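Peer 1: I'd like to ask you about the structure that follows.
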Amino acid sequence: MEQFHATTIVCVRRGNHVALGGDGQVTLGNIVIKGTARKIRRLYHDKVLAGFAGATADAFTLQERFEAKLEKHQGHLMRAAVELTRDWRTDRVLRRLEAMLIVADTEHTLVLTGNGDVLEPEHGLAAIGSGGAYAQSAALALLRNTELPPEAIVKQSLEIAGDLCIYTNQNHVIETLGA
């Protein structure tokens with residue numbers, strides 16, 4: 001069976017102001033299955049943002065588990081992330097899931113992987129998915145050379161990624177925290 005390909009997710013932070021955005025395209029082989037998928041969510045009483053890339057069903061499973069860990073740890077982002085990735089790495093079923101998550105609150109941005117990685121990226125930005133490298137490059141240039149707010153940087157980065165990556169479209173969802 002062919003793999004679902006999707007997406008571009010990018011997160012930009014300036015201090016405690018953070019924006020997380022993603023495109024809406026889901027592709028199966030060379031066919032666009034959906035152009036309006038929502039891959040960005042607000043979690044834990046709207047205090048945490050989460051975005052996912054990878055196999056859609058796998059990503060939803062991981063996001064649900066992350067949300068349960070957030071509830072268990074009263075919204076403590078780092079503890080929830082470490083516990084999720086520990087489970088993800090050691091559980092035989094979870095280990096097969098093919099997805100990545102970016103999660104953020106007003107203090108931290110984290111990238112979570114199935115290898116058990118909990119990465120806090122440098123430069124106040126992170127990007128994942130098929131268009132992630134394009135979006136990250138664009139965001140880094142804008143972060144270094146402009147005073148644009150995070151949501152404007154995320155928007156422009158997603159536009160650039162959508163122009164370059166066939167698995168990324170121009171239908172964006174952007175959520176913010178702080179200000």
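Glycine is no exception: its Cβ is also placed from the backbone N, Cα and C atoms.
These came from Swiss-Prot, pasted as-is:
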ACT_SITE  T7  active site
BINDING   G162, C165, T168  Na(+) binding site
Peer 1: Considering Cα atoms only, can you say which of G162, C165, T168 is the nearest neighbour of T7 (active site) among these binding-site residues?
Peer 2: T168
Peer 1: Taking 10 A as the limit, how many CB atoms besides its own sit near the CB of the residue listed as 'active site'?
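Peer 2: Within a 10 Å radius of the Cβ of the residue listed as 'active site' lie 29 other Cβ atoms.
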Peer 1: Would you mind listing, in sequence order, the residues at least six apart from G162 (Na(+) binding site) in the same chain with a Cβ closer than 8 Å to its Cβ?
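Peer 2: Same-chain residues close to G162 (Na(+) binding site) (Cβ under 8 Å, separated by 6 or more) are T8, D23, G131, T168, N169, Q170.
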Peer 1: May I have the list of same-chain residues other than G162, C165, T168 whose Cβ is within 8 Å of the Cβ centroid of the recorded Na(+) site, in sequence order?
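Peer 2: Close Cβ neighbours, site residues excluded: T8, D23, Q25, S130, G131, Y134, A135, L158, A161, D163, L164, I166, Y167, N169, Q170.
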Peer 1: For the residue listed as 'active site', which of the three DSSP-derived states applies: helix, strand, or coil?
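Peer 2: It is coil.
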